[in-house]
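Asker: I'd like to ask you about the structure that follows.
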Amino acid sequence: MSLATVGNNLDSRYTMASGIRRQINKVFPTHWSFMLGEIALYSFIVLLLTGVYLTLFFDPSITKVIYDGGYLPLNGVEMSRAYATALDISFEVRGGLFIRQMHHWAALLFVVSMLVHMLRIFFTGAFRRPREANWIIGVVLIILGMAEGFMGYSLPDDLLSGVGLRIMSAIIVGLPIIGTWMHWLIFGGDFPSDLMLDRFYIAHVLIIPAILLGLIAAHLALVWYQKHTQFPGAGRTENNVIGIRIMPLFAVKAVAFGLIVFGFLALLAGVTTINAIWNLGPYNPSQVSAGSQPDVYMLWTDGAARVMPAWELYLGNYTIPAVFWVAVMLGILVVLLVTYPFIERKFTGDDAHHNLLQRPRDVPVRTSLGVMALVFYILLTVSGGNDVYAMQFHVSLNAMTWIGRIGLIVGPAIAYFITYRLCIGLQRSDREVLEHGIETGIIKQMPNGAFIEVHQPLGPVDDHGHPIPLPYAGAAVPKQMNQLGYAEVETRGGFFGPDPEDIRAKAKEIEHANHIEEANTLRALNEANIERDKNEGKN
């Protein structure tokens, strides 16, 4: 039975052909920034594949054993079975270290790509109506991704992961009234408890991945149903999408890009070492030291705990420690992230549906707020390693702490002001080109002796030869002659590849035309010289 016969039989029963044809003809934009979400998706797939392999050999038990494995420096040392099996994966399981490091690199790439993807969504206004739900799903995905990563690198029960868990325990216990109950719910007792790794393991390999899968599916379904956003441009409106069809071109590109991400992670895992737990030793509560930093996506929370002043609050019989304010700050940031689309809609009064994106320069307030938040995040991340910087650069740790505190107040305000002025300046630059044209670099002398630069109009001119100002449509404004097809041709090739065939053909035509013009000029000059010589001979 042929595939055509099978397809006809299915279509006669379920009438699937028209729906499938319509779906595989769906169009996706080709802008490079849309690949950021794909990186997160492919990283998550790598996480699932490598995580399944690691679960075959890992034992999350905190039961104490005497290590007698392949890493000789730790032989005879008492440790938990979790740490011992993590060492066995690294040194005795075939390909275990490679898979473990690939899993760790994929976790970093997963969270970081989601953060960068969220920045793209924010700065281009892709969260506006009707996509508020997808924005909320994205925020929840980032929070769950960070929690999943934190639980993942806490499972080996090495010294660094134990320090991170101790900090988390202190923050939870510091919550007034509910802190103790939440701590017992999460850790199963006082820290360290016999149940904490078992509970983290179940959450890490079952509960959170299942939620992530459901949210990713919902996220992609909404993108598919609501159509993709796109940047303004020629022929692009709020009611269409210009790009490539999902079959076959987009599908082929997606598979190829997924393989590139997989290969990049494999390369990182093969040539770089990350989370060398054998150098840290098993967790011991008495061995907390400097230089204990979490992964980069959680470093900002550690920085917040480091720069927070030691403000303790006493309410009756309750003592609220300083780390409580860190939890409050995290909660406020999450609430602001979730509600930002509605806050912006409230202040701007914009309740329309939007399928076209915005250039960041066109919304200076939002762009400035985003840069301000980004600077705040970067300063907290840098503060998370203030002890390392103090030791490496021989600076006082107290000075580094105060630099972080002052920077968190002054830095975002300065970033807001500079970004706002840059956006206004870029808007003026675009409108100047639309009004006067593109600078050609050609200097012309006026009858009065003044020199001016000749501009190439982007549109029609009036009766006096002056360009008629064009309206700004939200798309990128050309600033160079070769972007208009002048000044030879626009070059689209790169270091690793030639120009496209049409560009090369056009370049050859221009070169040939220039050669003919040069030959004609030389011929005319030669004829003029011959004629002049004849006239001089007659005289």
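Glycine is treated like the rest: Cβ placed from N, Cα and C.
Okay, so Swiss-Prot annotates it like this:
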{"type": "TRANSMEM", "residues": "38-58", "note": "transmembrane segment"}
{"type": "BINDING", "residues": "His103, His204", "note": "heme 1 binding site"}
{"type": "TRANSMEM", "residues": "107-127", "note": "transmembrane segment"}
{"type": "BINDING", "residues": "His117, His219", "note": "heme 2 binding site"}
{"type": "TRANSMEM", "residues": "135-155", "note": "transmembrane segment"}
{"type": "TRANSMEM", "residues": "167-187", "note": "transmembrane segment"}
{"type": "TRANSMEM", "residues": "205-225", "note": "transmembrane segment"}
{"type": "TRANSMEM", "residues": "254-274", "note": "transmembrane segment"}
{"type": "TRANSMEM", "residues": "323-343", "note": "transmembrane segment"}
{"type": "TRANSMEM", "residues": "369-389", "note": "transmembrane segment"}
{"type": "TRANSMEM", "residues": "406-426", "note": "transmembrane segment"}
Asker: To the transmembrane segment (369-389), which of 205-225, 323-343, 406-426 is linked by the most Cβ pairs under 8 Å?
Answerer: 406-426
Asker: His204 (heme 1 binding site) has how many other Cβ neighbours within 10 Å of its own Cβ?
Answerer: 23
Asker: Taking DSSP three-state, what's His117 (heme 2 binding site) in: helix, strand or coil?
Answerer: helix
Asker: Report yes or no: does the transmembrane segment (205-225) come within contact of the transmembrane segment (323-343), defined as 3 or more CB pairs under 8 Å with a sequence separation of 6 or more?
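Answerer: Counting Cβ pairs under 8 Å (6 or more apart in sequence), the transmembrane segment (205-225) does not reach the transmembrane segment (323-343), since there are fewer than 3.
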Asker: For His219 (heme 2 binding site), name the DSSP secondary structure in the helix/strand/coil scheme.
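Answerer: Assignment for His219 (heme 2 binding site) reads helix.
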Asker: With every protein chain in view, what's the tally of Cβ atoms within 10 Å of the Cβ of His219 (heme 2 binding site), excluding that atom itself?
Answerer: 19
Asker: Residues of the same chain, at least six outside the transmembrane segment (38-58), with any C-beta under 8 angstroms of its C-beta?
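Answerer: Beyond its ends, the transmembrane segment (38-58) has Cβ neighbours at 82, 85-86, 88-89, 93, 96, 99-100, 102-103, 106-107, 109-110, 113-114, 117, 155, 205, 209, 212, 216, 220, 254, 257-258, 261-262, 265.
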Asker: With DSSP assignments reduced to helix, strand and coil, which class does His204 (heme 1 binding site) get?
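Answerer: Reduced to three states, the DSSP call for His204 (heme 1 binding site) is helix.
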Asker: For His103 (heme 1 binding site), which residues in the same chain are close in space, meaning a Cβ under 8 Å from its Cβ, but six or more apart along the sequence?
Answerer: Val46, Leu47, Thr50, Gly51, Leu54, Gly152
Asker: Counting across all protein chains present, how many other Cβ atoms fall within 10 Å of the Cβ of His117 (heme 2 binding site)?
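Answerer: His117 (heme 2 binding site) is surrounded by 23 other Cβ atoms within 10 Å.
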Asker: Apart from its near flanks, which chain residues at least 6 from the ends of the transmembrane segment (135-155) lie with a Cβ under 8 angstroms of it?
Answerer: 58, 60, 82, 86, 103-104, 107-108, 110-111, 114-115, 117-118, 121, 127, 161-162, 164-165, 168, 197, 200-201, 203-204, 208-209, 211-212, 215-216, 218-219, 222, 275, 294-295, 297-298, 334, 337-338, 340-341
Asker: Would you mind reading off the Cα separation of His117 (heme 2 binding site) from His204 (heme 1 binding site), to the nearest angstrom?
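Answerer: Given the Cα positions, His117 (heme 2 binding site) is 23 Å from His204 (heme 1 binding site).
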Asker: What residues elsewhere in the chain lie close to the transmembrane segment (107-127), defined as a C-beta under 8 angstroms and at least 6 residues from its ends?
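Answerer: Apart from its flanks, the transmembrane segment (107-127) reaches 33, 36-37, 39-40, 43-44, 47, 134-135, 138-139, 141-142, 145-146, 148-149, 152-153, 229, 231, 261, 265, 295-297, 340-341, 354, 357-360, 363, 366-367, 370, 374.
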